[in-house]
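S.K.: Swiss-Prot lists these features:
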BINDING   CYS765, CYS768, HIS784, HIS788  Zn(2+) 1 binding site
BINDING   CYS792, CYS795, HIS811, HIS815  Zn(2+) 2 binding site
COILED    149-487  coiled coil
COILED    548-638  coiled coil
COMPBIAS  356-368  compositional bias 'Basic and acidic residues'
REGION    342-377  region 'Disordered'
REGION    486-519  region 'Disordered'
REGION    650-746  region 'Disordered'
ZN_FING   762-788  zinc finger
ZN_FING   789-815  zinc finger
Amino acid sequence: MALFLEGTAASSAMETSNFAHVIFQNVGKSYLPHGALECHYTLTQFIKPHPKDWVGIFKVGWSTARDYYTFLWSPLPDNYTEGTAINRSVVFQGYYVPNDDGEFYQFCYVTHKGEIRGASTPFQFRANSPTEEELLTMEDEGGSDILVVTTKASYLEQKMEQIQQEKKELLENLDLLQKERDELIDEKNRLEKEYEQERESSAQLRKDVQELQLSAQSLQEEREEVKRRMEESTARLLQLEEDLIGVTQKGLQKETELDCLKDRVKKLNLEKEALEGQLKNEKDEKELYKIHLKNRELENTKLSAELQMLKSVDVNKENTIAQLKDELARVKSCLAEKEKQHRQLLANSSPSGESKALREQLRQKEEQLQATQQQANMLKAELRDSSNARDRSMAELYRIRVEAETLKKGQADARAECSRLEQQLEEMKSSTQQEAQCKESDVLAVAELQREVEDLRLRLQMAAEHYKDKYKECQKLQKQVVKFNEQQGVKRSPGSDAAAGPLSASPEASAPGSPSTSDAVLDAIIHGRLKSSSKELDKNDKYRKCKQMLNEERERCSMITDELTKMEVKLREQMKTNESLRMQLAAEEDRYKSQVAEKGRELKELKDSLFVLTKEKEKLEGQLQKSVNREEEQKDSNLDVQSVFLQYPMPYAQDDPSPLLVPQRPTDLLFGNPYSSTDSRDGADGEFSDDQMPRLPPVGPPSWDSNVVCIQPARNLSRPDGLEEPEEPQSTQNDDEPAAPEPAEFLNDGQMPFCFEPTGEQKRCPLCEVIFPPHYDQSKFEEHVESHWKICPMCSEQFPLDCDQQLFEKHVLTHFDSNVLNF
């Protein structure tokens, strides 16, 4: 009750007036936990029923309409009139109601809107406790002295179950007895019918005895005929057995031949697998040889190009050394002349600005001489290195040629091996065709034997059926003879009782023993024939299996032939691919040669353009020197006409401002002599005379910071990382000397001037710490730095000298993966 008060207090927030719209009738205080629960309620006139209204069981203390335990839809009343009260009921099944948990529950009516419009008094679900009148004491059935207290209802239920079990057993026994009675009645009727049949048969037998007596003699004659036929059939059976033995021997012979064929096919398969493996190995070796040959050809091409480049560099350096030697001799002679002039000037005149200029020129000449000597030493060292590199390149080229020859020999051997394998494939093909023909003939022989076996089997079955028919006829005749003899014995017996004894006796006792022996003989013959027929069936099964195996071997041989054909086609395709690759290789070689020729033409064009520019430069220098000479002549004319005693004669004529200090022999210089106004390089230059091409006098030698001393062709190679493009030296000129035109505008093809400036910074190799003079030829400096690296001939990527040679070769080969390795 306290729980009910708490539930009502918890639901005080809702409208209490709504709970009276539905009134629950006859609500008990408790109900059985698993029993059907019927709920009666009355819908007052204050509520309008709806099909979605429902009645639920709520635990006391609920707060919302969702706290239900279970619910049922409220049935909609028929012929409902608004404003009237109506009684309805719902039944909760036992498996939906709560268990005996000691809680209080109540019915609630919930509308389709979720409003609770009625609630019942609380109740519980609990089992009924029995009273003293319903209890009963009884002894234990186990024979002990224990008294068991139970309810009368359970006791009566137990007794009822026992009685029903006994009733069921009695009914089953009754059914069994009724079935036995019906069976006995049926047996009685059957025996009566058999008795009537026996009576009729005995009468019929009496009638038949007379007929049997008449036919006994004819049966005896037929028996003799049957014996004769049996002997003939036995002889025929022996003949069939001999034929079957012969057929069996032929089958065994064919089995041995089939085993031999299987062994031969296995050997051929093994040979085929070995040849396939050998062919695969040859293909792999061939691919490796191709790759190696391609690599060697690439190396050969690269080394040939390097060798040509080194040869050209060697020639250039030799020419440069010869030029420098000539220039050195020329400079020495110029210095001697200058020294003579200087002594004469010192002897004839006082020190003035001209002597200072001459001293400055002398100092510059000395510096120029030192730089020239240093450059000559460096060129000698480079020439020595280039000759060593050329020797190494020649040795490497010879080695590569030897390896190429060995590779060609290996390729020829591989081709010979491929031809040998093709010949073996042809031989295997012909052998498989011969085996297929042999197998076809074997199949025909097996089919012929199978037909013979089928014929023999049919004849054997016909003979067995004939013997079975004759055996049945003999049995019938023997039974008739036995019955006839029994009837004769009955007639001879003195009484009917004595005659009944022989009739009831078995026919074997009256027979003389010949029927039983004949039955045994026939049984033995039939068993033997059945065994022989079973053996024949087994042999036929064996022949069928052999035929199936032969067909399988034929299929395998055809598959092997197809595989050999496919391998031959693949080999031909591989040979075609090799030919196409060879053609591609030849095309690539032609393309490389054309590229090299084109590069040579471009180099020749560049040399020609350089030669033209050098000529133009020399012309400009000659014009400049002429203007300088004119100015000096004007200055000399303005001086005192006082005669000066010269210690040495004047080497220059007064009317010719451009004579040579030293008789000069024209030399074939590749890049021109920077100290001479003309440089005859070939026979075509001989048409220009000294009058047409004036030479510069030695009074105005080019300073180290003014013009180009020596120009070398620059290689079009990428610079190493960390090296910056050096700034071109700014030529400075003295105020008292005339300004000479810059030749850089004529050298815009990647060449850098090599000149030594005393005030400039020296160049230092970042790898070997070798010091180079300032404004050393940038291309040579880059060449020296790049000599510390391995350069890829395809992409110009740089690698350290100590890097793995295999990695370097692998990188070079990656440029040829698309057309060499993927075939």
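Just so it is clear, glycine is given a Cβ too, placed from its N, Cα and C backbone atoms.
Tell me about the surroundings of these features in the structure.
M.R.: Long-range Cβ proximity for CYS765 (Zn(2+) 1 binding site), meaning a same-chain Cβ under 8 A and a gap of 6 or more residues, is found for ILE771, PHE772, PHE781, HIS784, VAL785, HIS788.
The C-beta environment of CYS795 (Zn(2+) 2 binding site), restricted to residues of the same chain at least 6 apart in sequence and closer than 8 Å, consists of HIS815.
On the 0 to 100 pLDDT scale, the coiled coil (149-487) averages 81 in this prediction.
DSSP places the residues of the zinc finger (789-815) in helix, strand and coil in these numbers: 11 helix, 6 strand, 10 coil.
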S.K.: Counting only other Cβ atoms and using a 10 Å cut-off, which of the binding-site residues CYS768, CYS792 scores lowest?
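M.R.: Checked CYS768, CYS792; of these binding-site residues, fewest Cβ neighbours within 10 Å: CYS768.
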S.K.: Between the Cα atoms of CYS768 (Zn(2+) 1 binding site) and HIS811 (Zn(2+) 2 binding site), what distance do you get, rounded to the nearest Å?
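M.R.: Answer for this pair: 26 Å between alpha carbons.
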S.K.: So among the binding-site residues HIS784, HIS788, who's got the most Cβ atoms within 10 Å?
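M.R.: The residue with the densest Cβ neighbourhood is HIS784.
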S.K.: Test of understanding: give the count of other CB atoms lying within 10 angstroms of the CB of HIS815 (Zn(2+) 2 binding site).
M.R.: 14
